[in-house]
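*Asks:* Below, the features straight out of TrEMBL:
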TRANSMEM  12-34  transmembrane segment
TRANSMEM  40-57  transmembrane segment
TRANSMEM  64-82  transmembrane segment
TRANSMEM  109-127  transmembrane segment
TRANSMEM  148-166  transmembrane segment
TRANSMEM  172-189  transmembrane segment
TRANSMEM  196-214  transmembrane segment
TRANSMEM  289-312  transmembrane segment
TRANSMEM  324-341  transmembrane segment
Amino acid sequence: MLLVDRNKLTTFFFLLAYTTFYAFAMFGHIAGIGGYLKNITYFGIAILLILFFTRLHDYYAKEGIIFFILILWSLFIGYRVGDYGYFKLILMITVSKNIDFNKCIKYDVFLRLLTIVLMYFLWRAGIAPDTTLAFGTIMRHSMGFQNPNHFGLLVFILILECLYLARMKFHFWLYAALIAILVFEDRIAGSRTSEVYSIALLIFTAFYAKWPNAFKKKGWQIFMQLNYVICAVLTAVSAHMMESGSQTMKALDSAFSGRITNVVYYNQLLGPTILGHSISFGNRTCDNLYAYLAICSGILVFIAVTVAYMLLIRDLYQYDNIPMAIAVFFLFAYGISERLWMNIDYNMMMLAFRQLIYHDVVPNIQMEKQETVCRIRNSWPIRNRM
């Protein structure tokens, strides 16, 4: 008799599906392979659907109803505004039940390190295109990524994941390695936003490592919960001041590569509505997460994400998972200048939202106990045909 771990098999195919999304997100812009990688993402969706339907017995009726409604809603949003990112996110959260969250993050760290090395050689070989941006006398390079900020985002998420896996504790060699990666990114891409947030994150986690109990107080929880609202208000105020001709906002807009101007443009052209608009026309992008949610995704989605974020921070505090709360806090703070991280294709950390349904994004000690239970529950014998 052989003992087959069903959970390990599910995890393997789950990560394989994620890899198809990730590969297209990182390498899909490269001529000659982009079309093939896009087609492979459909294979990834098929894997997730098969995993879901073959594991229906793992879900409670309440969970099934919730996900059925969310999947239908996400498909409607995708059809209306052309953004199927919500569909993939909800589908992955649905299928991720009983899959070790920490293993997923470790795998994502491996993928990101591999991507940096591989993209560097593709860039040097002239296969991956180099998008350059001038900042004063400094020339910023994308190193084969879509743009320099895309490279910066990858590095920021890599740093965030490594610190989360270390439980936000201070380890000299870990900090040294992360700072070295950040310096490497600065020398090539020079993504100011990524660097500012990464440095702030390193400092913040150093304080947490020194005084962890201070961050468990109710005041910190409330502050983290209000982070979403604060960022949304700052977005609205900055856009209004920009429209009013504020010189301060013009200077900030220049520093943020015209992001505030783009918010003003789409706000004047379309404005927030209940069900949102498609913004796929033209050559402008709306990088600000909060403006994108309100204008493109619609007010209903904006409210839903607001509530989900605040409930997630509350739940993480209740389960004493402060490191994950810090990670989510910094991701949404990053949303002022970048929104791509909210796509599951770019960021495995978005699986943290499964906490609202499964309540299983827990610290490492509790996760180890949960893994033992899952191995027993999800294993079954099959006959050896040899």
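Every residue gets a Cβ built from N, Cα and C, even glycine.
TrEMBL: automatically predicted annotations, no manual curation.
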*Asks:* Counting only pairs 6 or more apart in sequence, are there at least 3 Cβ pairs under 8 Å between the transmembrane segment (148-166) and the transmembrane segment (196-214)?
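*Replies:* They do touch: at least three Cβ pairs between the two stretches lie under 8 Å.
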*Asks:* Which of 12-34, 64-82, 289-312 shares the most C-beta pairs under 8 angstroms with the transmembrane segment (40-57)?
*Replies:* 12-34
*Asks:* Could you tell me what the rest of the chain brings near the transmembrane segment (289-312), counting residues at least six beyond its ends with Cβ under 8 Å?
*Replies:* 77, 81, 83, 86, 225, 227-229, 231-232, 235-236, 239, 263, 266-267, 270-279, 328, 332, 335-336, 338-339, 342, 352-353, 355-356
*Asks:* Can you work out which residues elsewhere in the same chain, 6+ from the ends of the transmembrane segment (12-34), have a Cβ less than 8 Å from its Cβ atoms?
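*Replies:* Distant Cβ neighbours of the transmembrane segment (12-34) are 40-41, 43-45, 47-48, 50-51, 88, 92, 95-96, 99, 104, 107-108, 111, 115, 119, 122, 127-129, 144-146, 154, 343-346, 348.
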